[in-house]
Amino acid sequence: MKIVVDENMPHARELFAEFGEVIPLPGRQMLATDLQEADVLLVRSVTRVDAALLASCPRLSFVGTATIGTDHVDKGLLAERGIPFFSAPGCNKYSVGDYVLSALLVLAERHELNLGAMSLAVIGAGNTGECVAGKAEALGMRVLRCDPPRARAAEANEAAQFVDYQQALEADIVSFHVPITRQGPDATFHLLDAAQIAARPAGQILINASRGEVWDNQALLARQQSQAPLRLVMDVWEGEPEPLQALVPHTELATPHIAGYSLEGKARGTWMLYEALCRQLRRTPRQDLQSLLPIPEVREVTPGQSADQALIKQLVHLIYDVRRDDARFRNRLGVAGSFDEQRKHYPERRELSSLQLKGPFAGAALARLGFVCQPD
């Protein structure tokens, strides 16, 4: 069995070698000729799995993406050809949640904000959106959920928990967690369009850790060059891997599509595909996820006080401070190929669950943020 994998997919060789030959290739440069003898194709979001890529792959019997989103895969074409397809829903939801939490705490300190007195709207209340919502609620924030497909499918009593898009946009902070879709009643391409951008109040915080095309980046640039700019946190960009460079200086925080890049998140995505292939071949998995992860540098802390916003910031940034990624991105802006290079060589980053908190102040609020808590 020949298994073609994105070269940047962590742990692919050690997990899939038991099935056959593992062939790592650059994700953005995969060609149909690379798949002529492939039985399994494993990709990330940078590879378009379409008719061109699948032009000559008679042996292909399994396609997987180690990502939550699947907009880069022609699922209809795979179904027509009878090729099973698997993704990794929720694999990096905790990582993205940690990213948003870290960003919120940076902005709160920078602009002297009391997050517990603010509202946050989650656009897209799926796996990732719900994770972000839960962390925001743990901070004491009032959370609004906007997810039209879920609202339509919900029972009447559950549908009441959702708000429409216009209501969501009135929140103090709006965080986007949707796939990119271009057609249908819930299309998300330029969901935040020029009209919506122009209507936003000055200083409103907007966060995008979903897909770059969900926001109209040119319209954002025009707004940011006005006398009433917004506060933007951007992990994703139109035109990746070539972001609109002129927009970057007008953001609060800017990063190269790495919100979901924790060690756990990346390993979990590969692991979910490994489990799927085991099921497909009716094999029992020989390896477990935890065995793939190194021992964290910081494993245990005993807080000396109750969890106020300042302590939460210290604990979160002990594990992940988004400002490091922001500084690296800005320093390398304009360097050819740097967007993908930063993703390929991303520093080791753990999720909040890698830190165990002990003692009388290791309470429920910290556990809801994602820490492992063992109160006395």
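Quick reminder: no glycine exception, Cβ is built from N, Cα and C everywhere.
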According to Swiss-Prot, S45, Y261 bind substrate, and the residue from T33, T67, T251, T270 that belongs to that same site is T67
Given that Swiss-Prot records D147, A209, S210, R211, D235 as binding NAD(+), the matching residue among G116, G184, G260, G265 is G260
Among the recorded positions listed as S45, T67, E240, Y261, the Cα nearest the Cα of D147 (NAD(+) binding site) belongs to T67
Of the recorded positions A209, S210, R211, H257, G260, the one whose Cα sits nearest to the Cα of T67 (substrate binding site) is G260
Within the same chain, the residues at least 6 apart in sequence whose Cβ is under 8 angstroms from that of A209 (NAD(+) binding site) are V96, Y99, V100, T128, S175, F176, H177, V233, D235, V236, A259, G260
Within 8 Å of the Cβ centroid of S45, T67, Y261, the other same-chain residues by Cβ around the recorded substrate site are R44, A66, I68, G69, N92, H257, G260, K266, G269
Rounding to whole Å, the Cα atoms of Y261 (substrate binding site) and R211 (active site) are apart by 15
